[in-house]
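As structure tokens, the structure follows; a few thoughts come after it.
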Amino acid sequence: MDSASQDINLNSPNKGVLSDFMTDVPVDPGVVHRTPVVEGLTEGEEEELRAELAKVEEEIVTLRQVLAAKERHCGELKRRLGLSTLGELKQNLSRSWHDVQVSTAYVKTSEKLGEWNEKVTQSDLYKKTQETLSQAGQKTSAALSTMGSAISRKLGDMSSYSIRHSISMPVMRNSATFKSFEDRVGTIKSKVVGGRENGSDNLPPSPGSGDQTLPDHAPF
């Protein structure tokens, strides 16, 4: 029996032979850390792609560093020119909105919405609904106009009556007819009052009064 197939019994005197043999075997680091070849690619193609990936990642890092330097320089220029952050924000928003408007998705969405709007406005249901709403609006406007005219006319009549009444009272009192009527009423009143004051002298004596005098002491 060779050393590779020895008994691994812990009580065996040869228990350390296998481990010592495995420790002495050299191991290739490239074989251990190497990933399997991607399906559909040869080993040469994989190496080429990995080299290109490393190059692109290095370029990205360089571009980020350049971009950071450019942004710092841009901020310094804006600070020296006195440009505010609010103005920069407005400019960025305007630029972003312009980019959205010229984007393919926005253009397609606008065209689609335009087509839907045209289809809806040309449909019979939309036309009937629009006519119904238009008629209802006209009737409502006419009713409000009629009510407003009636209220205005009523207020005008009340105002005219009040003005005529306030104007006609002094004129009526100063008219000759009204004065003549007042004179007649005053004459009748004076006659009635004067007759009451002189009533005892003008009244005729009662029959049987004559010269008869009442006795001083009437018998009981």
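Glycine too: its Cβ is placed from the backbone N, Cα and C atoms.
Bear in mind that the values here come from a model prediction, so they are computed numbers and not experimental data.
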Where does Swiss-Prot put phosphoserine, among Ser141, Ser152, Ser180?
Ser180
Candidate set Ser145, Ser168, residue annotated phosphoserine in Swiss-Prot:
Ser168
Of all the modified residues given, namely Ser149, Thr177, Ser180, which is spatially nearest to Thr187 (phosphothreonine) at the Cα level?
Ser180
How would DSSP class Ser149 (phosphoserine) in three states?
helix
10 Å Cβ neighbour count around Ser180 (phosphoserine)?
10
